[in-house]
Amino acid sequence: MATSKKVYGYVTLLRHGETHANVGNIIQGHMDTNLSPVGLSQAQDLKVHMNSIPIDVVISSDLKRASMTAEALGLSISLEQDSRLRERNFGRYCGAPRGELQEFAERNARTGGGCDGWRAVGGECSHEMAHRTSTFLLDFCSRLIQGLRNEEPLSDYSHVSVQSPIFRHSARASMPEPVQDCFDDPDNHTFRYAGHALMVSHGGWIRHFLRIMALQAEHSFYFPKQCFSSVMNNCGICQIGIAFDVAQFLAFRNQQPSTRVTGNLSPLPVFGNVLESPDQEHKCQFHHLAHQRFPLFTVCYHFNLMKSDLDRKDGRKHSTSPSNKAANDLCGRMEVIFSDDGDEYAGMPTTNDANRNS
């Protein structure tokens with residue numbers, strides 16, 4: 001495949017089903033919990049809908065609540081597991097009530113513990129979490145390129161105007177129009193469809209992934225504010241489109257980390273605690289790696305779709321609107337920067353709520 005090609009594909013993000021710990025507002029992190037009967041039923045209820053999508057690869061976290069969710073979908077594709085899709089590690093607070101973790105996070109911020117404070121309790125700081133998420137993303141994009149190297153170009157879809165092509169789309173989905181218009185040569189017909197991936201993971205991980213897609217991609221469209229401030233419901237679905245120029249991506253990938261981050265940071269300090277001082281923040285070895293700007297073009301079509309939304313078949317309640325602005329215009333600074341560093345239940349109520357916990 002010539003390196004002048006543009007690659008595009010789709011990703012469906014699925015959060016695992018409910019666990020007993022979710023019901024009790026217990027921080028799970030790297031705890032290897034099982035689905036509850038309700039959680040298993042939630043996943044099985046999506047079987048018909050998920051099997052209607054021509055999915056090419058299924059990747060899940062290696063924690064049981066995620067892999068059990070993926071297996072319950074009954075897809076004919078072999079399941080791959082990747083530990084980089086795990087929830088954030090909260091160290092000694094894995095298995096603790098949410099309130100205890102919140103108290104630690106507030107105390108850690110107040111006393112200037114920063115990233116070292118999280119590592120002192122055996123956990124990951126948010127920069128480390130973001131770094132492993134972005135590393136997975138880079139490997140995934142490289143895999144899309146490798147999978148197309150020996151294939152013929154797909155049919156030209158540049159004349160097709162499709163705003164939400166993901167659910168029940170053809171096996172070769174059309175190029176997302178908002179992404180196509182970003183390139184300098186949209187009439188060159190060099191786009192190639194790389195396929196559709198299903199990723200089954202956790203609320204915190206998906207939130208980090210969406211922040212990267214929305215705020216660290218070169219261009220992003222239609223990402224709602226909720227994807228920055230809250231986790232999705234159990235078995236909630238998000239669908240996005242990704243496109244990139246192969247030559248630009250490979251050049252970026254081949255750069256050394258020390259040069260790749262120079263002048264290439266996200267305009268917003270998305271990750272980490274807003275109360276950390278700049279000096280503390282920059283001491284973290286993962287800080288700059290977590291704030292890279294990626295040569296990607298991304299579109300959000302659906303956020304936090306539930307089975308009831310899919311049953312209505314139109315998905316309008318949670319679909320993004322073609323009239324929405326780019327992601328950086330959808331949210332203000334204080335709606336993106338949080339002081340709830342480390343909260344696995346971000347955006348959820350502080351009291352026990354079996355229907356909404358993450």
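Including glycine, each Cβ sits where the backbone N, Cα and C put it.
Those TrEMBL annotations? Automatic predictions, nothing curated.
Annotated substrate binding site per TrEMBL: Arg15, His16, Gly17, Glu18, Thr19, His20, Ala21, Asn22, Arg65, in sequence order. Within 10 Å of the C-beta of Arg15 (substrate binding site) there are 27 other C-beta atoms, taking all protein chains into account.
The active site, tele-phosphohistidine intermediate annotation in TrEMBL covers His16. Secondary structure from DSSP puts His16 (active site, tele-phosphohistidine intermediate) in coil. Long-range C-beta contacts of His16 (active site, tele-phosphohistidine intermediate), restricted to its own chain and to partners at least six residues apart, with a cutoff below 8 Å, comprise Leu35, Gly39, Ala43, Ser61, Arg65, Ala66, Met68, Thr69, Val200, Ser201, His202, Asn234, Cys235.
The number of other Cβ atoms within 10 Å of the Cβ belonging to Glu87 (active site, proton donor/acceptor), over all protein chains shown, comes to 26. The active site, proton donor/acceptor annotation in TrEMBL covers Glu87.
A gap of 11 Å separates the Cα atoms of Arg15 (substrate binding site) and Glu87 (active site, proton donor/acceptor). When the record's substrate-binding residues Arg15, His16, Gly17, Glu18, Thr19, His20, Ala21, Asn22, Arg65 are compared pairwise by CA position, the greatest distance found is 15 Å. Residue density at Gly17 (substrate binding site): 27 other Cβ atoms are found within 10 A of its Cβ, drawing on all protein chains shown. Cβ neighbour count for Arg65 (substrate binding site): 28 (other Cβ atoms within 10 Å of its Cβ, all protein chains included). Cα of Glu87 (active site, proton donor/acceptor) to Cα of Ala21 (substrate binding site): a span of 14 Å.
Under DSSP, Arg65 (substrate binding site) is assigned to a helix (H, G or I) in the three-state scheme. In sequence order, Ile27, Gln28, Met31, Thr33, Gly95 make up the list of same-chain residues 6 or more apart from Ala21 (substrate binding site) whose Cβ falls under 8 Å from its Cβ.
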